[in-house]
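S.K.: Here it is, the structure, as structure tokens.
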């Protein structure tokens, strides 16, 4: 039982983006210690400056992005550390998606933290970067050990981030639910790994693949079959597929909106990449055993996700159910990856994720500007007539919702088109039909929110100036340019209106929050608007440009499923 | 002892853990049950590592132990923070978010 492996510089090159992120986590925490702190009581004091830490974190994300892009052009082996983690182009592409999602999540945060007066920013940004690190590890993993470690790194960071607003009971509840259910699912995943280890004697994907291919004769033995079932449970939980979706709406609703925006993409990328590697590549020789199950989960997720979204009157919850439905569409890619068109399935997943990234972060980003401390501000009733109070926000939200519904010029259409095309090529026309019918159903609930924002609530605003919701109209006294010169630099910021201007006196639900909410501030909001602008640009442009790169993505996916 | 014996013990402990998670309402007990599940997996990994004569299983045990310790830290901190605000940690009472 001896084992030797000498690490070469090439190995470190393969995980360079992860190394950069980890170093930036340490730097973020150090900077947090060095910054001057505000407030008298240590419990409530945080760095006086809300802008330094996000910029440090953002620099970290940008550095990691730069390293990832550089790796595309630098000659390096396709996997590092004795097949522990992949560094092929498909993996790097997934890194790009996660890092862009993380960067936008970080950009959305400062205004939100400032407005809600959450002072512990050092922890916040360090945990954001750590969550990204875990996601990169899981997305790149080619060994079950790394799958597990990456999964736990990002899960642990996200438990804390979800319950970050310590005075909001819903946030704590979200963190607790996520923690209990997710560790439960992790244990199942781990037991599945141990059974697969028992059946094959390996934990590396490539070793298991060759073992299964030579020993199984098309059907998995019982031990391997049980392990596959437990793995399916674990992965289905992580991508919030339907029998295991119950945590998703609660966690997405309770968590801070920028965290929701980031995790709704990041966890999906990480879990789906591991899912497609394990099932599409590692277990490809016993595909007849797992394909019906994954097919069933995909159909159930698409149908049930869309059906449950229909009745939601809370947009954050509706988006959570819609993300379940989108996860179902993505599972089509996994079904196809087992149907002999492995690289088409995997490339459809990569392509859809890069489309989904922009529209979903955009939608949650708009919510992060609407959300109030007691987790209100985005109910259907409160969105009434948003167009008349805040045309920019309403217009952007409508734009992102239309993209999510899959209207042609935006990315949602391109992503769905290629995914359904993959279903057709992979020999699953029934998935194409179910997917299209469910998308038609989906249009209803997206349009319902758009109609509410644009067509209702006009009278309430025009009346006494006392709207039925927060901020009545545009603030009559605009922000003085002398105090915040930076606002003039961003054209969109000048039209920011009274978002979360005034807490509703009747809407106070928690006894903790009743203690005089400080006047909401709109400082640093230009960062959120920058993130929304990038997301909107991505939503518009990526759907038009990225299809031309499809051959490249397919090539990358082929390396992923090598 | 044959390998099967170890695997059966591990499966039994894992099942006890699953049942504990499903029927108990106190997050601390649920959490202990999850730890039980993780340790059942550890047992099977150690046994398999010995019988298969490979180091992978033992490496996994160390990873799982570390992760379990980290989960204890985060989980207990969450429970304490919830107890401070609502003085009750029963999971059935955590029902603000639903629908």
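The backbone N, Cα and C atoms fix where each Cβ goes, glycine too.
Quantities reported herein were computed from a predicted structural model and do not represent experimental measurements.
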S.K.: Pick from A:258-277, A:318-337, A:458-477: which stretch is listed in TrEMBL under transmembrane segment?
M.R.: A:318-337
S.K.: Would you mind telling me which of A:74-90, A:414-430, A:431-447 TrEMBL tags as transmembrane segment?
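M.R.: Feature transmembrane segment in TrEMBL: residues A:431-447.
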S.K.: Counting a contact as 3 or more Cβ pairs under 8 Å, with residues at least 6 apart in sequence, do the transmembrane segment (A:293-311) and the transmembrane segment (A:431-447) touch?
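M.R.: Taking Cβ pairs at least 6 residues apart, the transmembrane segment (A:431-447) and the transmembrane segment (A:293-311) are in contact, with 3 or more under 8 Å.
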S.K.: Mind checking which residues of the chain, 6+ beyond the ends of the transmembrane segment (A:178-199), have their Cβ under 8 Å from one of its Cβ atoms?
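M.R.: Sequence-remote neighbours of the transmembrane segment (A:178-199) are 144, 147-148, 151-152, 155, 158-159, 162, 208, 220-221, 223-224, 226-235, 237-238, 244, 246-247, 251, 255.
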S.K.: Other than its close neighbours in sequence, what residues sit by the transmembrane segment (A:47-72), given a CB gap under 8 Å and a spacing of at least six beyond its ends?
M.R.: 13-14, 16-18, 20-21, 23-25, 27-28, 31-32, 35-38, 87, 89, 92, 95-96, 99-100, 102-103, 106-107, 109-110, 113-114, 119, 121-122, 124-126, 128-129, 132, 523-524, 527
S.K.: Below 8 Å between Cβ atoms, which of the listed ranges A:12-35, A:92-112, A:147-166 makes the most pairs with the transmembrane segment (A:529-550)?
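M.R.: Answer, by Cβ pair count: A:92-112.
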S.K.: How about the transmembrane segment (A:12-35) and the transmembrane segment (A:124-141): at least 3 CB pairs under 8 Å, pairs 6 or more apart in sequence, or not?
M.R.: yes
S.K.: How about the transmembrane segment (A:431-447) with the transmembrane segment (A:147-166) - do they touch, taking at least 3 C-beta pairs under 8 Å (6 or more apart in sequence) as contact?
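M.R.: With fewer than 3 qualifying Cβ pairs, these stretches do not touch.
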S.K.: Other than its close neighbours in sequence, what residues sit by the transmembrane segment (A:349-370), given a CB gap under 8 Å and a spacing of at least six beyond its ends?
M.R.: 90, 93-94, 96-97, 100-101, 104-105, 108, 111-112, 256-258, 260-262, 264-265, 268-269, 272-273, 276, 315-316, 319, 323, 326, 329-330, 333-334, 337, 377-378, 382-383, 393, 396-397, 399-401, 403-404, 410-412, 414-416, 418-419, 499-500, 525, 528, 531-532, 534-536, 538-539, 542-543, 546, 550, 553, 556-557, 560
